[in-house]
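Everything on this sheet refers to the single structure shown next.
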Amino acid sequence: MSKQINVALIGNPNTGKTSVFNALTGLNQKVGNYPGITVEKKEGICKLPRGVKAHIIDLPGTYSLNASSLDENVVIELLLNKNDKDFPDIAVVVSDVENLKRNLLLFTQIKDLEIPTLLVINMADRMRYKGISLDIDYLEKQLQTKIALVSTRKKEGIDTLKQLISNYKDLSITPCLNASEIDKDYFDSLRHAFPNQLLYKLWLVITQDVNFGKTDRNEIEAVANFKTKSKIDLKRLQQKETIKRYQFINHVLKVGQTIDISQAKDLRTKLDRILTHRVWGYLIFFLILLTIFQAIYDWSSVPMDFIDNTFALLSEWVKDKLPSGAFTNLLAEGIIPGLGGIVIFIPQIAFLFLFISVLEESGYMSRVVFLMDRIMRRFGLSGKSIVPLISGTACAIPAIMATRNIESWKERLITILVTPFTTCSARLPVYLIIIALVIPEGRILGLSYQALTLMLLYLIGFLTAIISAAILNKILKIKSKTFFVVEMPNYKLPLFKNVVLTVVEKTKAFIFGAGKIILAISIVLWFLASYGPGDNFNDAEAIVKKQYSNENLSQEDLQHHIAAHKLEHSFIGITGRTIEPLIRPLGYDWKIGIAIVSSFAAREVFVGTLATIYSVGNDDEATIKNRMAAEVNPILGGPLFTFASGISLLLFYAFAMQCMSTLAVVKRETNSWKWPVLQLTIMSGFAYFVALIAFQFLK
Amino acid sequence: METTLANLKRGERAIIRDVSSREIPLKLLEMGCLPGNFVELVQLAPFKDPMYLNINGSHVAIRKETAVHILIEKVDE
């Protein structure tokens with residue numbers, strides 16, 4: 001049996017590491033999370049020459065082995081834990097030809113861990129254009145490694161890279177630097193205390209604030225407690241180490257690299273002059289945002305309608321073709337509409353991730369961060385918060401995960417807490433159906449009232465996020481050093497393959513993440529609505545027939561009354577009526593109550609629940625909207641969905657924290673129950689309050 | 001003339017003289033913000049903050065509050 005070798009891909013952000021990963025693994029990759037944390041874990045399989053298989057892990061981008069974020073912790077944790085099943089047989093450091101100097105810093109650190117290390121110089125096709133020439137033989141000798149010149153864009157050098165990986169045993173493991181040089185006395189005492197350990201590894205354990213797995217725990221604790229220096233002294237030594245490494249690198253590059261500056265034609269300067277301009281920059285950003293929204297709501301309506309119709313037809317077909325019975329009903333009324341409710345979001349989510357990944361890949365997103373930082377800071381946010389706030393319009397879950405690169409804990413926490421206010425795509429079906437019900441069709445200055453209402457709701461979401469950020473900024477007494485260092489990468493034309501893989505992967509994550517919950521809820525709801533306790537439910541037919549025995553009802557009307565009676569006395573009906581007193585002041589009846597309760601798990605369940613409630617036992621083809629319009633308010637009479645109750649519902653859904661998955665992610669990202677619980681209480685309390693006021697004033 | 005990085009004007013170049021390691025994140029040092037290296041101000045955001053710099057070949061944006069802790073000497077050209 002041929003052994004599978006572990007390969008760790010490591011590199012600075014923006015070096016095209018993911019492109020190298022995609023080139024090596026293609027479609028043989030999967031994405032997951034590291035156990036217990038939400039950091040993304042990407043791995044894939046690559047076939048090497050001579051039948052060897054490589055298991056490749058794409059580690060999060062990092063500038064050095066001095067971790068300052070959860071993402072970066074993952075890198076050191078893996079490299080220091082020999083017992084990890086993913087511990088690399090070979091580390092492949094990916095660098096970019098234009099930033100070789102800085103990239104080599106990370107390279108020398110990994111080399112010093114005595115792991116076989118290979119250097120990939122990516123974007124080699126740009127060398128001539130940038131006037132750079134490299135003496136590869138000299139560099140290989142000085143850095144004691146093998147170098148693969150690669151261009152993922154031109155698909156060059158990948159075979160050589162595979163060849164080099166398969167020959168990993170030939171790589172030297174001699175360190176580049178002697179760590180003890182930075183403070184001889186200190187390192188001597190360290191060596192004395194832990195004679196069997198690699199010195200540089202000890203040094204990393206001491207200086208990093210990392211939770212090193214389960215293995216080696218005792219020993220690592222002992223090392224971590226080896227404190228003879230204050231934090232600031234350690235930092236000074238780290239600085240000294242950095243200087244030492246740069247001295248070595250500069251020395252190597254002096255001979256190994258020549259740059260003819262006159263050759264460099266700078267596209268970056270020209271683009272930056274416009275894109276980061278104080279007027280044009282904002283205007284362009286605004287136009288890009290407009291295009292994204294246009295795509296999400298306009299362009300995706302065609303595939304969404306198609307999906308909607310397909311599922312409706314499928315449900316009817318199942319009812320027609322399968323023998324009638326409980327299972328068929330479950331399939332046609334529970335599972336298929338439930339699945340449809342998830343699949344319908346695919347176009348929107350895919351469009352959003354398409355745009356975000358293009359903006360990230362091209363290097364533009366960093367410019368937005370630069371432009372927005374000062375403005376966002378007024379509200380206690382960081383320029384980097386703009387990415388989560390934009391992503392939040394698709395789904396808060398990836399948005400909250402995107403806060404990880406915000407360095408300051410306070411800014412990051414505030415971003416996490418306010419992001420769920422931005423209007424995610426799960427609110428859209430709720431908004432659309434209620435707007436269609438209660439907002440008249442008409443136009444003002446050529447704009448439809450309905451479209452304006454929708455726009456207003458988005459604005460409300462964004463403004464609430466910003467304002468609550470400002471409030472949190474005042475209340476939260478968290479001291480955290482705010483530092484802000486953003487690399488401004490070179491502009492690049494996004495690689496089609498990378499963009500497609502990102503879109504597919506993120507959409508899949510959403511569908512399977514949210515999908516499971518939504519599907520489970522639709523099934524449970526169907527059961528609760530189809531069964532009930534006691535005679536009132538079981539003898540519904542007899543009771544209703546008796547009740548209407550004097551009236552001459554058509555068969556159809558009779559069936560309808562029976563169905564309604566059954567629903568009212570089903571498990572779900574009982575639950576709904578129990579909470580009715582609580583929601584009556586907001587203008588809702590028990591049916592809406594059921595929908596609100598069930599959609600605490602995920603907002604989009606609201607429409608599905610109403611669909612289930614209204615379609616149980618009812619065969620006519622009226623759409624949910626018509627059924628809702630026909631609903632009568634049990635107390636006041638007249639239509640249930642009026643302008644007042646409609647606005648109240650819209651506002652409730654704008655503010656309430658109704659997404660279990662988001663709460664789960666917040667718990668994981670903040671590592672405490674305190675924040676998600678606070679978020680749930682405050683947001684939902686506020687939603688109730690606003691909806692109450694709205695209804696009472698408008699009714 | 002010795003001053004801090006916060007006072008650099010657009011298009012100007014300088015040599016880094018000293019950095020206060022207490023105030024400056026290690027990450028910035030690793031990106032090349034070390035004594036002896038060149039720094040150039042590429043672009044300023046509105047309100048002159050953050051600053052978009054080219055430090056020793058690394059293009060980074062930092063806030064003014066960080067820039068005041070980096071001592072520089074302007075280079076006349």
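All positions are counted from 1 along the displayed chain.
Glycine is treated like the rest: Cβ placed from N, Cα and C.
Per TrEMBL, the features are:
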BINDING   A:11-18, A:36-40, A:58-61, A:122-125  GTP binding site
BINDING   A:N22  Mg(2+) 1 binding site
BINDING   A:A23, A:T25, A:G26  Mg(2+) 2 binding site
DOMAIN    A:4-171  domain 'FeoB-type G'
TRANSMEM  A:279-297  transmembrane segment
TRANSMEM  A:335-359  transmembrane segment
TRANSMEM  A:413-439  transmembrane segment
TRANSMEM  A:451-472  transmembrane segment
TRANSMEM  A:509-529  transmembrane segment
TRANSMEM  A:592-616  transmembrane segment
TRANSMEM  A:636-656  transmembrane segment
TRANSMEM  A:677-698  transmembrane segment
Item to check | Nearest-integer angstrom distance between the alpha carbons (Cα) of A:N14 (GTP binding site) and A:A23 (Mg(2+) 2 binding site) | outcome: 16
Checklist entry - What residues in the same chain, six or more past the boundaries of the transmembrane segment (A:636-656), come closer than 8 Å to it by Cβ-Cβ distance? => result 421, 423, 427, 430-431, 434-435, 437-439, 453, 457, 460-461, 464, 586-589, 592, 596, 603, 606, 628-630, 683-684, 686-688, 690-692, 694-695, 697-699
Next on the checklist: Here's one to test understanding: among the binding-site residues A:N22, A:A23, A:T25, A:G26, whose C-alpha is closest in space to the C-alpha of A:P60 (GTP binding site)?
Outcome noted: A:N22
Next on the checklist: Which sequence-distant residues neighbour the transmembrane segment (A:677-698)? Criterion: at least 6 residues beyond either end, Cβ under 8 Å.
Outcome noted: 417, 420-421, 585-587, 643-645, 647-649, 651-658, 663, 666
Checklist outcome for this item: Around the Cβ of A:G26 (Mg(2+) 2 binding site), other Cβ atoms found within 10 Å total 13
Item to check | Positions on the same chain near the transmembrane segment (A:335-359), where near means CB under 8 A and six or more residues out | outcome: 288, 291-292, 295-297, 299-300, 303-304, 307-308, 310-312, 314-315, 318, 365, 368, 387, 390-391, 393-395, 425-426, 428-429, 494, 498-499, 502-503, 506-507, 510-511, 514-515, 518-519, 521-523, 604-605, 607-608, 611-612, 615
Checklist entry - Say you check the Cα of A:G26 (Mg(2+) 2 binding site) against those of the binding-site residues A:G11, A:K17, A:M123; which is nearest? => result A:K17
Checklist entry - Any idea what the Cα distance is from A:T25 (Mg(2+) 2 binding site) over to A:K17 (GTP binding site), rounded to a whole Å? => result 12
Next on the checklist: Need one number: mean pLDDT over the domain 'FeoB-type G' (A:4-171).
Outcome noted: 89
Next on the checklist: To the nearest Å, how far is the Cα of A:A23 (Mg(2+) 2 binding site) from the Cα of A:G11 (GTP binding site)?
Outcome noted: 16
Item to check | Residue, out of the binding-site residues A:G11, A:P60, whose Cβ gathers the largest set of other Cβ atoms within 10 Å | outcome: A:G11
